[in-house]
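Q: Handing you this structure, nothing more for now.
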């Protein structure tokens, strides 16, 4: 199951964030949002 405010697709969870940041900061931010999360 995906966290609230996340979408499920092909057994994975996705969420769009509106904050603009570089790839490194975005990956760090993403991994902090949910265990096992990575920037796609």
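Each residue's number is its place along the chain shown, starting with 1.
Just so it is clear, glycine is given a Cβ too, placed from its N, Cα and C backbone atoms.
Predicted, not measured: the structure shown is a model, and the values here were computed from it.
As annotated by Swiss-Prot, disulfide bond applies to 2-13, with the evidence given as sequence analysis. Taken from Swiss-Prot, the feature domain 'C-type lectin' applies to 9-40, supported by sequence analysis.
Describe the structural surroundings of these features, if you would.
A: For the recorded site, residue 13 (disulfide bond), the DSSP three-state label reads strand.
Long-range Cβ contacts of the domain 'C-type lectin' (9-40) within its own chain (Cβ-Cβ under 8 Å, at least 6 residues beyond either end) map to 2-3.
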Q: Would you count the other C-beta atoms found within 10 angstroms of the C-beta of residue 2 (disulfide bond) for me?
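A: Within a 10 Å radius of the Cβ of residue 2 (disulfide bond) lie 13 other Cβ atoms.
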Q: Ten-angstrom check, please: count other Cβ atoms within 10 Å of the Cβ of residue 13 (disulfide bond), all chains counted.
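A: Other Cβ atoms found within 10 Å: 15.
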